[in-house]
Amino acid sequence: MMDERNLSAGITFVLLGFSEYPQLQVPLFLVFLAVYTVSVVGNLGMIVIIRINPKLHTPMYFFLRHLSFLDFCYSCIITPKLLEILVVDTRTISYVGCMMQFFFGCTLVITEMFMLAVMAYDWFVAVCNPLLYKVAMSPKLCSLLVTGTYTWGGMCSLTITHSLLELSFCNSNVIHPFGSEYSAIVSASCSDSYFSQMTCFIISTLNEVCSLLIILTSYIFIIVRIIKLPSAGGLRKAFSTCSSHLTTITMFHGVILLLYCVPNSRNSWLFIKVATVLYTVVIPMLNPLIYSLRNNAVKETIRKLVNTKIFSH
């Protein structure tokens, strides 16, 4: 077993990506580069805006700042490799690089999954117990919730990555997507992957069910509370406040559940690649746009920054 692991550690994986469409390499590179730029600027901008505006120093924006941080990190881990394999002839990634990319990517995904659940709980407290909101969502509790999501994401990712490190890789070192996607790594293995697949299935299912349960329970109470509001104006305001978060949740979990339902076969690789692009490249770009375009406080801060910059010149 040690010899097999040592042999696997020296393997270099070949990332196919979109290499079967050579005429699309340059257009795809330009599109993904633009998306990546918007994602980095948007998420970093959201973090800066929340930091500099005292009005945004609330639990909701505290969680939103960490959501932007997670999206920024995820973009920086996945997208640069995608851009690289679109313009170079040698589309490879080392064994260590592949496992590190998977570990950090998996950590960020699980952390974001529960960060969205924490944000749903925050909305629940804000809508259902507005008078006790500042007491219930104290800075200490917010810090504990955020620390817990990062810790849990790291522990789950470490467990799944360890199960992948137990696999052996021989001659079949081709990875069909453009990054270290779990099913592609398992498909490239030449050893029994039952334990690794069961580990991933149990952890993934547990995380998905628990996070969705928290989100659904929170929004059921929110909807019940909103229905009881006497004024139509209050109803519209409450729905408008939650709409950005609901949009983010729908996109994030929708693509995850979509990937769950796709069979891991040669005929479905193209679909998996497109869904993975949505999941790893597009969604991190859309999140800051969704929250900024529908948030008056954020738009006001951006407007003041632009005006200050213009007047300074």
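Cβ from N, Cα, C; glycine included.
So that you can see what the record holds, here are the features copied from TrEMBL:
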TRANSMEM  29-50  transmembrane segment
DOMAIN    42-291  domain 'G-protein coupled receptors family 1 profile'
TRANSMEM  102-132  transmembrane segment
TRANSMEM  144-165  transmembrane segment
TRANSMEM  201-224  transmembrane segment
TRANSMEM  245-263  transmembrane segment
TRANSMEM  269-293  transmembrane segment
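For the transmembrane segment (201-224), same-chain residues at least 6 beyond its ends with a Cβ under 8 Å from one of its own Cβ atoms are 110, 113-114, 116-117, 120-121, 123-124, 127-128, 156, 159-160, 238, 242, 246, 249, 253, 256-257, 260. For the transmembrane segment (245-263), the residues of the chain that approach it from at least six positions outside its boundaries are 67, 112-113, 116, 119-120, 123, 204, 208, 211-212, 215, 219, 271-272, 275-276, 278-279, 283, 286-287, 290-291, judged by C-beta separation under 8 angstroms. Note on the transmembrane segment (269-293): residues 17-18, 32, 35-36, 38-39, 42-43, 45-46, 49, 64, 67-68, 71-72, 74-75, 78-79, 82, 105, 176-179, 181, 183, 244, 247-248, 251-252, 255-256, 258-259, 262, 299, 302 of its chain, located 6 or more positions outside it, place their CB under 8 angstroms from a CB of the stretch.
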